[in-house]
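Swiss-Prot lists Glu99 with the feature active site, proton acceptor. The active site, S-methylcysteine intermediate annotation in Swiss-Prot covers Cys349. For Cys119, Cys123, Cys126, the entry in Swiss-Prot reads [4Fe-4S] cluster binding site, with the evidence type sequence analysis. The feature S-adenosyl-L-methionine binding site is assigned by Swiss-Prot to Gly171, Glu172, Ser203, Ser227, Leu228, His229, Asn305, with sequence analysis given as support. Summarising the annotation, Swiss-Prot assigns disulfide bond to Cys112-Cys349 and lists sequence analysis as the type of evidence. Swiss-Prot lists 105-344 with the feature domain 'Radical SAM core', giving sequence analysis as the kind of evidence.
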Amino acid sequence: MTENITTETRPSIYGLTRDQLIEWAIENGEKKFRATQVWDWLYRKRVQSFEEMSNLSAVFIDKLNEAFILNPLEQVVVQESADGTVKYLFMLPDKVMIETVLMRQSYGLSVCVTTQVGCNMGCTFCASGILKKERDVTAGEIVSQIMLVQKYFDERGLDERVSHVVVMGIGEPFDNYEHLMNFLRVINDDNGLAIGARHITVSTCGFMPAKIKEFAHDNLQINLAISLHAPNNELRTSLMRITRNAPLEKLFEAIDYYTETTNRRVTYEYIMLSGENDSPEIAQQLADLIKSRNKLSYVNLIPYNPVAEHIKYERSTKDNTAKFYDVLKKNGINCVVRQEHGTDIDAACGQLRSKQIKKNKAKLA
């Protein structure tokens with residue numbers, strides 16, 4: 001069962017898939033085509049209220065208003081980077097806050113969404129886990145992040161649309177699986193936002209390997225990324241406490257099951273921490289771990305964005321990163337050093353939210 005997670009009793013209509021919206025409409029005495037009209041208003045015309053749906057009856061609009069809200073998020077802070085990255089801080093109906101990031105890529109507009117308010121995974125280098133999980137983010141609230149970013153461009157008369165989505169914001173997506181899957185089905189719907197499945201990536205730390213197997217059977221063509229960050233259990237446990245319950249042996253058994261079932265590539269995210277996990281010896285361990293799986297593997301080396309609360313960690317030097325990369329390439333591993341975005345704003349995941357919460361507490365003191 002999903003926990004009671006908002007003070008607003010009406011859910012966001014964005015949380016319904018098209019089939020669920022049709023089912024709701026029929027149950028409420030409306031024809032199927034009326035639900036299709038609502039869907040078109042939501043995702044093609046992208047209206048901001050039910051009253052703008054001009055081909056619906058007043059009675060049907062009243063039904064919609066009684067049952068749903070449209071967009072449950074309120075924009076609190078917007079930070080724009082010199083490189084075009086935009087970071088948003090949104091407030092939810094129960095006054096908790098989440099982050100969303102827009103990144104301009106050579107291939108289009110990519111949005112990084114948040115799936116939980118806070119995080120309990122306990123990664124020692126990450127800003128997201130500084131503030132523990134308060135609740136899950138509903139499917140409607142996740143979709144709303146995309147809609148508000150798109151609104152940002154629509155209002156400016158810019159002919160640009162969100163083309164890619166990465167589920168890599170605050171929280172562990174597979175710890176909010178039901179809402180995650182509804183969100184994915186909504187944004188992937190060909191009659192709506194029509195964001196291609198292969199343009200969507202979901203990242204997990206692997207805290208529940210069984211969820212990776214379940215994801216394989218849900219049979220979406222969505223990309224899977226694994227937050228790996230270390231090639232052995234001892235080092236990974238020191239960085240990610242979830243390794244105690246999900247050691248690499250269990251994690252890779254699930255990953256192997258996923259690739260055998262789907263024949264889809266897995267991306268391994270590896271954050272580069274100076275003096276912790278960035279030596280050539282550790283690079284060789286990573287290569288040995290991935291080598292037999294290399295046909296369906298890709299390693300993403302990520303420059304670390306320092307976090308004030310985690311002063312122990314510093315980003316690897318460019319020289320050490322290059323040496324690490326070279327070891328992987330010499331072993332035939334598919335890899336890349338990730339392009340940085342938003343380095344002149346609160347770039348690390350969770351940083352902006354943490355800073356705003358501290359500011360709010362200071363005002364109340």
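Cβ from N, Cα, C; glycine included.
Keep in mind that this is a model prediction, so the values were computed, not measured.
Everything Swiss-Prot records as a feature, shown here on the structure.
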residue	record	DSSP class
Glu99	active site, proton acceptor	strand
Cys112	disulfide bond	strand
Cys119	[4Fe-4S] cluster binding site	coil
Cys126	[4Fe-4S] cluster binding site	coil
Glu172	S-adenosyl-L-methionine binding site	coil
Ser203	S-adenosyl-L-methionine binding site	strand
Leu228	S-adenosyl-L-methionine binding site	coil
Asn305	S-adenosyl-L-methionine binding site	coil
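Every protein chain shown contributes to the tally, and the Cβ of Ser203 (S-adenosyl-L-methionine binding site) ends up with 22 other Cβ atoms within 10 Å. Take the binding-site residues Cys123, Cys126, Leu228: by the count of other Cβ atoms within 10 Å of each Cβ, the lowest one is Cys123.
Recorded residues Leu228 (S-adenosyl-L-methionine binding site) and Glu99 (active site, proton acceptor) have their alpha carbons 23 Å apart, per Cα-Cα distance. Proximity to Glu99 (active site, proton acceptor), defined by a C-alpha to C-alpha distance within 10 angstroms, is shown by the following recorded positions from Cys112, Glu172, His229, Asn305: Cys112. Ranked by Cα separation from Gly171 (S-adenosyl-L-methionine binding site), the recorded positions Cys112, Cys119, Cys123, Cys126 are led by Cys119. Of all the recorded positions in the list Cys112, Cys119, Cys123, Cys126, the shortest Cα-Cα distance to Ser203 (S-adenosyl-L-methionine binding site) is found for Cys112. In sequence order, the recorded positions near Cys126 ([4Fe-4S] cluster binding site) (Cα within 10 Å of its Cα) are Asn305, drawn from Cys112, Glu172, Ser227, Asn305.
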